[in-house]
Amino acid sequence: MELELIKSKLHESNFRLTQEREVVLTTFMNSGQMLTPAQLHDCVKKEYNSVGLTTVYRLIEVLTKLGLATPFLIDGEIYYTFCSDHHHHHFVCLDCHKVKDIYECLEMTHKYDDVGTVNYHRMDLYGHCKNCERKNINVKSLEP
Ligand SMILES: [Zn+2]
Ligand SMILES: [Zn+2]
Ligand SMILES: [Zn+2]
């Protein structure tokens, strides 16, 4: 998703993208993985020392409201990933925390017509990515 489009969306919700906030945003967008606000803060600090944790929380809050960030609850921790505004699902690697977007939609909502009207659905897959799976196999084969 284009930065300009995100900027205008943020602007519409009266959120001014200062230089600091923009650094947080681009770091988040380019990370390709899920991060806790504290982890994102650590990444940002490497480049931009003066950014506070509150700034990170505030941006993530706004992005989540706009549908541009999705939270995942894993082992009691809330992680966030940056999201485009096209409907999609996620494959989340529990080892390296990389998130892969899945644009194929498993339409099964029509099965629940008699329960009520479905407005939207969410589905995320959690597991181990190919890369981590290979590493795990290598580690196991080294064990006695
Ligand atoms: Zn997403
Ligand atoms: Zn992985
Ligand atoms: Zn879907």
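Each residue, glycine too, has its Cβ placed from N, Cα and C.
The Fe cation binding site annotation in TrEMBL covers His87, His121. Summarising the environment of His87 (Fe cation binding site), the number of other Cβ atoms within 10 Å of its Cβ, over all protein chains shown, is 12.
Residues or ranges marked as Zn(2+) binding site in TrEMBL: Cys93, Cys96, Cys129, Cys132. The Cβ of Cys96 (Zn(2+) binding site) lies under 8 Å from the Cβ of Gln33, Cys129, Asn131, Cys132, each on the same chain and at least six residues away in sequence.
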Item to check | Cys93 (Zn(2+) binding site) versus His87 (Fe cation binding site) - Cα distance in angstrom | outcome: 20
Checklist entry - Going along the chain, which residues six or more apart from Cys93 (Zn(2+) binding site) have their CB under 8 A from its CB? => result Val99, Lys100, Gly127, His128, Cys129, Asn131, Cys132
Checklist entry - Within 10 Å of the Cβ of Cys132 (Zn(2+) binding site), how many other Cβ atoms are there? => result 16
